[in-house]
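Visitor: Below is a structure I'd like to ask you about.
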Amino acid sequence: MTVATAVPRQQNRAAAAFEYEFGGPIGATLTTLALPLVVLVLAHWSDVGRVDFAFLSASLGDTTNSHDPKPFWQIIRQNSVLCPRCNDSDSVSLLLRCALGVVAWFLFQVLLERFLPCELVQGSPVKGDAKNRLTYRINGHLAFWVTLLLVHAAWPVWDANAALYQFTTAPLATLYEYYTELAFVTILLSAMASTGLYLDSFRGQHKILADGGDSGNVLYDFFIGRELNPRIGTFDWKEFCELRPGLIGWVLLNIACAKQQYSVLGYVTGSMILVNVFHGIYVWDALYQERAILTTMDITTDGFGFMLLFGDLAWVPFTYSLQARYLVKHDPNLSAVSLAGIIALHILGYLIFRGANGQKDAFRRNPTDPALSHLTFLQTKRGTKLLTSGWWGMARKINYTGDWIMGLTWCMVCGFNSVVPYFYAVYFFILLVHRSIRDDHMCSVKYGDDWETYKSIVPYRFVPGVV
C-alpha cells in the first residue's frame, strides 16, 4: 500500500489546477443544502398528489410580517413540511424515537452483514495498484430475505397474558404514518455521519484518498468524500451503505404504503402491486448481483462523503418510494390492458439492463470463457479489453437505457393525473446523462487514443442508431 503524505498532496494541487465537478465548491454546497429540502418537499407533494408551494408561501409571508417579525430558523421550525412535527409539544421525543429507530435499523443491517454466511470477494485494484485489493463480505441477498422474513412472520411482540413473546407481522404501517419524520431524521443522521467520516479522513497517514475528493476545499471535499474506502476493521462503510440500509429500507417503505392503502380501501390496487413488484425485483437483483458493484465508479473512484452517504441512506429510500406513497391516496385505477402494457415495457427494460450488465460482468471475470467466444473486443494499450459486440456493441451505455426504461414504468403505473410521480424519470435521466459524461471523460484520460478508437467502433451512447 502506498502511503501518500499531506505534503506531496499539497504539492500536487499546487502543480496542477484541481479539476472540480458538480459546479465546484459553490455547486457542491448548493447541492448539499438543496437535496435534503427536495426529499422533504417530494414527500409532501406525493401526499397531496400535486406540485404545491403553499407551505413555502406561508413561510415567506411570515418573513414580511412587520408586526410580528420572526427569525428565519423559527419560520423553518414552524413549517410542517421542512421541519415535520418540530412545532409539536412532544416534537423532541417523537423525533428522537424516529432517530433511534433509524439507528437501530442501520445496526440491524450491520449485524446481518457481519454474522450471516457470506462469500469473500476481492474488489478491483485500489487506485490501480494490483497488489492492493480490498476484501468484501457478499451476503446482501441473504440479508434481504432474512429482513423480509422477520417483518412478515418473525416480529416479536410481548404477550402479557401468556407471559411470553409471540411472533407476528411487523407494524410497517407506522413507517407510512411517520414517513416524513423518518426522512427528516435520516437526513440529519446522514449529515452527522458524513461530518464524522470527513474528520476521520485526516487521522493517520495511511488513509487512501479519492483523487476527486482531495481538493483542499472543505465544503467540496465534504460533499464528494475525501477518503476512498473508509473502514472500521473489515467493515466497509461505502459498499455496505450502497446496497443494504437504503435499498432494503426502500422495499419496506413500499410495503408500508401498500398496507396503508389496504387499510383505507380494503384492497391493494393493481398499480400498487406493480410498484411493489417492480421495485422489489430491482432491489433483489441489485443484492443478488452484489459483487458487480465492486467494479462501479462509486466503489473504485468516488470518495465516500455526503454525496454518496446521503444518497444511499436518505435519497434512495425516501424519493424512490415516491410512487408508492403517491398511490396510497391518488391511485389512477388503470385498466388491465394499461397495466399489461406497462408490464411488457418493464420486462423489455429489465432484459436490456440485466443482459448488458450480466454480459459485462461475465467478460470481466473470465474473458476466455468459451460462452463468450463470439464477442469481439478492442485490446487497449493498458491491457484492458473493451467489448465491441453483443450488448456493448449496440451502445456504450446500453445498460443505462434499460435502467431508465424500468424507471419510467414505475412512474407510468401512477397514471397521468400529476407530474409528481414522474420526478424519478426526469431526475434519473439527468443522473444517467451526467454519469455517462463523467465516465466518458475518465475513460478518455485512462485509455487515451484507444478510447477514441472504441467510440468510432461503438458510436452511440444510449440508443443504437439514435444517440
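Glycine residues also receive a Cβ, built from the backbone N, Cα and C atoms like all the rest.
Sharing the feature lines straight out of TrEMBL:
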- 22-45: transmembrane segment (TRANSMEM)
- 94-112: transmembrane segment (TRANSMEM)
- 142-158: transmembrane segment (TRANSMEM)
- 178-199: transmembrane segment (TRANSMEM)
- 264-284: transmembrane segment (TRANSMEM)
- 304-322: transmembrane segment (TRANSMEM)
- 334-353: transmembrane segment (TRANSMEM)
- 404-432: transmembrane segment (TRANSMEM)
Visitor: Which one, 22-45, 142-158, 178-199, 264-284, 334-353, has the most C-beta pairs under 8 Å toward the transmembrane segment (304-322)?
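Guide: Answer, by Cβ pair count: 178-199.
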Visitor: Quick check for me: are there 3+ Cβ pairs below 8 Å between the transmembrane segment (178-199) and the transmembrane segment (22-45), leaving out pairs under 6 residues apart?
Guide: yes
Visitor: Do any residues, 6 or more residues outside the transmembrane segment (264-284), come within under 8 Å Cβ-to-Cβ of it, and if so which ones?
Guide: 141, 144, 247-248, 250-251, 254-255, 257-258, 320-321, 323-324, 327-329, 331-334, 336, 339, 342-343, 346, 350, 406, 409-410, 413-415
Visitor: Count the CB pairs under 8 A between the transmembrane segment (334-353) and each of 22-45, 94-112, 404-432, then give me the winner.
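Guide: Ranking 22-45, 94-112, 404-432 by Cβ pairs under 8 Å to the transmembrane segment (334-353) puts 404-432 first.
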Visitor: Under an 8 Å Cβ to Cβ limit, what residues of the same chain, 6 or more beyond the ends of the transmembrane segment (404-432), are close to it?
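Guide: Same-chain contacts beyond the flanks: 42, 45-46, 49-51, 270-271, 274-275, 278-279, 282, 319-320, 322-323, 326-327, 330, 332, 334, 339, 342-343, 345-346, 348-350, 352-353, 397.
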Visitor: Hey, which bits of the same chain come close to the transmembrane segment (94-112), Cβ under 8 Å, at least six residues off its ends?
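Guide: For the transmembrane segment (94-112), the far contacts come to 85-86, 88, 139, 142-143, 146-147, 178, 181-182, 184-186, 188-189, 235, 240, 244-245, 248-249, 313.
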